[in-house]
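Residues or ranges marked as domain 'GGDEF' in TrEMBL: 416-543. TrEMBL lists 20-39, 181-201, 210-231, 243-261, 273-291, 303-324, 336-357, 363-384 with the feature transmembrane segment.
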Amino acid sequence: MKNGILDKQIGKNDLEKVSYKIFIVVIVTSLFFILYVSLFTNLNIFKSRNDISYNIIKNPEIKEVNDKNKPLKMYTQYRWIQEEIKNEQNCIAFYTIQQQVEVYYDGVLMYSLKTTNENKVGKTTACNWNIVPIYPEDKGKEISINIIPVYDSVRNKKINFYIANAFNIYLEQLYKDLPQIILSCIAIVIGIVFAITSLVLKQKGKDNGILFYLGIFSLCIGIWKITDIGFAPLMFPKSALKLSYISILMLDMGIIPWVLSVKKQFSVNVRKLLDYTSIICSVIVMIMIILQLTNLFDLRQTLWISHIIMGIVIIMIVCICIYEKHHNIINKKNKRLHFCFILCILGLSMDVLSFYIKETSEGILYTLIAFLNYIITIGFISIFEISHKANIDEHTGLFNKSRCNEIIANYEVIKEPLGVVMFDLNGLKQINDTLGHEVGDILISDFANILRYNIYRRDFVGRFGGDEFIAVIKGKDDYTIKCILNNIRRDVKQYNQKNNKFDISYACGYALSYEYPGLSLKELLKEADDRMYKNKKEIKGIK
């Protein structure tokens, strides 16, 4: 039976290692893809005039033109006669999504946006702000703009054209994208902090596995959103295509560390299922990258697969939450986590819906806000648990010796009324020798439970050694301390009456700060320790 449990444990650990290693492979593959895209994808932007210098073009003539040389065998042509230009430094500005562009003034090509012939990856031009200079002498000229869609989804995408000051375009877009920029930067900073903290804690053997995946997930959503905003191609016009690939890739990859971080929040029974889910997600992401590298499908064309995966993961997490609630596995912590999951699910659902309505994820904040809430909540819970665990004795649940030493290491004179109690179990070695260490561990654990039950939660109780315990009780007089000790004595007596295998026997001593003015906590503990040993001798009958 024992070997069977051990085999299951090994199998579970192997699966966890496999999911981790596959995720690392996805990261390496993604980095290779980003490098490949950076080297072999470029946009060809032609301008016959240098950039120099806001009115919306109303009711331009719109015509669909068939052209077998275009990606969809057609393009949409916008035409108007340019009216008087108010300012010297003006430009025609418009935003395109997955569309090539040609701009003509009186039949002369002034600007074009398309992928270069040398591109080895993809055919899209991504999302771009097109800034085309226009001069006062261009009044009366026929402006003709050909919008050439790359995908069917943007065939009938409406475009607004502005006669604008270039600086105003930058300023307006920055103002519009500022919330996303701030939240994205917060997510990136949190991701870096969590990832580094996790690695440091891992070196100390304190990492619980959640913080690292949360950090990577936070980095993914931060990079996804900051490369998906309209301001990004304004700042880096020749890198718009690279930013588009990075954005979609971060969205695809982000599902994996999210699943791996979520896994740790649920009971052991369902973790295996989430391990398999992360492996499947990793394989799908790698397949999508291969499809892009071989030019069979663009990442944007496989985006619906990512949305389906998100939907499946959401349904799975909802089912797990319902399962845990049905089997009463939910505690106060899990209720907070489930609330975070609900926010993530709502945010993600609203963003996906908005994406298919607007055909762009620009300006969508629901997912970012919801997931940031999740990351911060789970991250700080994890950090608290790691910190708390470092100070807790695993066997008893009380504070450990390290924490006890920190408490009593204060050499300052005690300025507030408090009492220090020292406990020492009698006959523990004999029980270990005759009944075994497992029974001795039970005795220690049960005595610790009695102490914890009778001493206020706001007060300090710790395991000071193998069979020694200390309590620091604030604001209590001699009568109250004696009441607490009498309650402990009563519970130990009741325990011994019910237990046939062994009895709990202990000695204790206490000292009060007002009895010994001018002492530090360490010195007061020594007084309590002396009284405890005196009590121990009395119990043994040694005079």
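The backbone N, Cα and C atoms fix where each Cβ goes, glycine too.
For the domain 'GGDEF' (416-543), the mean pLDDT of the prediction comes to 86.
In this chain, the transmembrane segment (363-384) lies close to the transmembrane segment (181-201): three or more C-beta pairs between them fall below 8 angstroms, excluding pairs fewer than 6 positions apart. Of the ranges 181-201, 273-291, 303-324, the one with the most Cβ pairs under 8 Å to the transmembrane segment (210-231) is 181-201. With a cut-off of 8 Å between Cβ atoms, the residues of this chain six or more beyond the transmembrane segment (303-324) that come close are 248, 251-252, 255, 258-259, 262, 266-267, 270, 273-274, 277, 281, 284, 288, 330, 334, 338, 341, 345, 348-349, 352, 355. Long-range contacts of the transmembrane segment (181-201) within the same chain: residues 174, 207, 211-212, 214-223, 225-226, 229, 231, 365, 368-369, 371-372, 375-376, 379, 383, 386, each at least 6 residues beyond the stretch ends and with a Cβ under 8 Å from a Cβ of the stretch.
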